[in-house]
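K.L.:
Shown below is the structure under consideration.
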Amino acid sequence: MPMVTRRLRDPDVNPCLSESDASTRCMAENNYDKESCSSHFLKYKNCRKFWNSVMIQRRQNGVKPPMPTAAERDEILGGLGKMPY
């Protein structure tokens, strides 16, 4: 597996791994009909938007690393009480 692919499959690097997998699985199950999977695409897009805003805020506050680890993301989502996307 190429290095870039391995990085994207790493839960510490990609916060929207489950949403990405769900949209890919939906496309495969629905014979690549994009309209059938639009809800999955929207959830993935909102996930990326949410974690990007978290990353920008952490950069502005000087927090390293800018992207929270998988454990930190679980704490953030737990503190919110529900999925923000």
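Glycine is no exception: its Cβ is also placed from the backbone N, Cα and C atoms.
Keep in mind that what you see is a predicted model, and the values were worked out from it rather than measured.
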K.L.:
Can you identify, from 1-20, 21-40, the stretch that Swiss-Prot calls region 'Disordered'?
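P.N.:
Matching range for region 'Disordered': 1-20.
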K.L.:
May I ask for the residues of the chain that lie six or more residues beyond the motif 'Cx9C motif 2' (37-47) and have a Cβ under 8 Å from a Cβ within it?
P.N.:
15-16, 19-20, 22-23, 26-27, 30, 84-85
K.L.:
If we skip the immediate neighbours and take only residues 6+ beyond the ends of the domain 'CHCH' (13-55), which ones have a Cβ under 8 Å from one of its Cβ atoms?
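P.N.:
For the domain 'CHCH' (13-55), the sequence-distant neighbours (Cβ-Cβ under 8 Å, at least 6 residues beyond its ends) are 7, 66-68, 70, 73, 76, 84-85.
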K.L.:
Counting each residue once, how many in the motif 'Cx9C motif 1' (16-26) are helix, strand and coil under DSSP?
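P.N.:
Per-class counts: 10 helix, 0 strand, 1 coil.
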